[in-house]
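Asker: Got a structure for you, written out below as structure tokens; questions coming shortly.
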């Protein structure tokens, strides 16, 4: 197991290097001149040229890339073109709000999604199954921005129960986490149902019932462990989606997180921040997949990595 983990960690290096090259080329192909955006609409050509020189954008592309990659390998992601603050500080100040929002969304999405999926599988083709899958399809189909605006209209504007924007108290997390986790809960419900339906028809489940074990214990002890293996894979992918895909929700609720920072950086063509955020999101997905693979062995001891 240890050798497997070490090999996967070493495999991070070429993957992140490829991502670094691709994101560098991507941001430099974006239309628009960051020097012109920073200098302002009233700036003349001389001022824009001076700003471009200060930002290092007047150098050839290969020189810019060499400067970028050598600094990244040293852990230096540069300075934001807009705020003139180190990129690491910009990301650090926005990381925790996004992380806590992701964790909050993931907790309720997994609990409710798995509960609905298990109930739908146990009472398959009956009203709990139909109701649960109807809710799941609705949650997947409903756009996140529309759901967020609907929740804000009802609970913030009409009823006045919850705040609309900000991240100062636990109440600020309710509406964004519900909006962000709705699609994940729906996916988890459908995936859990599919996995449980397959497990419930296995021989060891029938054997446990024949021995007189209660249905609840059969489902929780014998069914849950075996059904969780594919569900854990989806759980890891969805966690990565939440952590890196909260851009729309953060924009709707004016959430001070990484998603909103990325949108603002793309608008201003803030190359260093865009590059650092994409690298961070890539690293998160790779590490989450590694954790999921390791959890396989914990859930099912029959699985071993060599």
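Cβ coordinates are placed from backbone N, Cα and C, and glycine is handled just like the others.
The topological domain 'Cytoplasmic' annotation in Swiss-Prot covers 1-8, 124-134, 190-228, 300-306 and is backed by sequence analysis. According to Swiss-Prot, the feature transmembrane segment maps to 9-29, 103-123, 135-155, 169-189, 229-249, 279-299, an assignment based on sequence analysis. The topological domain 'Periplasmic' annotation in Swiss-Prot covers 30-102, 156-168, 250-278. What Swiss-Prot records for 95-292 is domain 'ABC transmembrane type-1', and it gives sequence analysis as the kind of evidence.
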Asker: Quickly jot the same-chain residues contacting the topological domain 'Periplasmic' (250-278) by Cβ under 8 Å, restricted to those at least six beyond its ends, or write none.
Answerer: 19-20, 23-24, 27-28, 30, 32-34, 37-38, 68, 77-82, 87-88, 90-91, 93-95, 97-98, 101, 144-145, 148-149, 152, 164-167, 175-176, 179, 244
Asker: Near the transmembrane segment (103-123), which residues from the same chain, at least 6 beyond its ends, have a CB less than 8 A from one of its CBs?
Answerer: 129, 132-133, 135-136, 173, 176-178, 180-182, 184-193, 195-197, 200, 215, 219, 224, 231, 235, 238-239, 242
Asker: Given a Cβ distance threshold of under 8 angstroms, which distant residues of the chain, six or more beyond its ends, lie next to the transmembrane segment (135-155)?
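Answerer: Same-chain residues near the transmembrane segment (135-155) but 6 or more away: 116, 161-162, 164, 174-176, 178-180, 182-183, 185-187, 189-190, 248-249, 251-253.
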Asker: Quick check: do the transmembrane segment (279-299) and the transmembrane segment (9-29) share at least 3 Cβ pairs under 8 Å, counting only pairs 6+ apart in sequence?
Answerer: yes
Asker: Would you list the DSSP helix, strand and coil counts for the residues of the topological domain 'Periplasmic' (250-278)?
Answerer: 22 helix, 0 strand, 7 coil
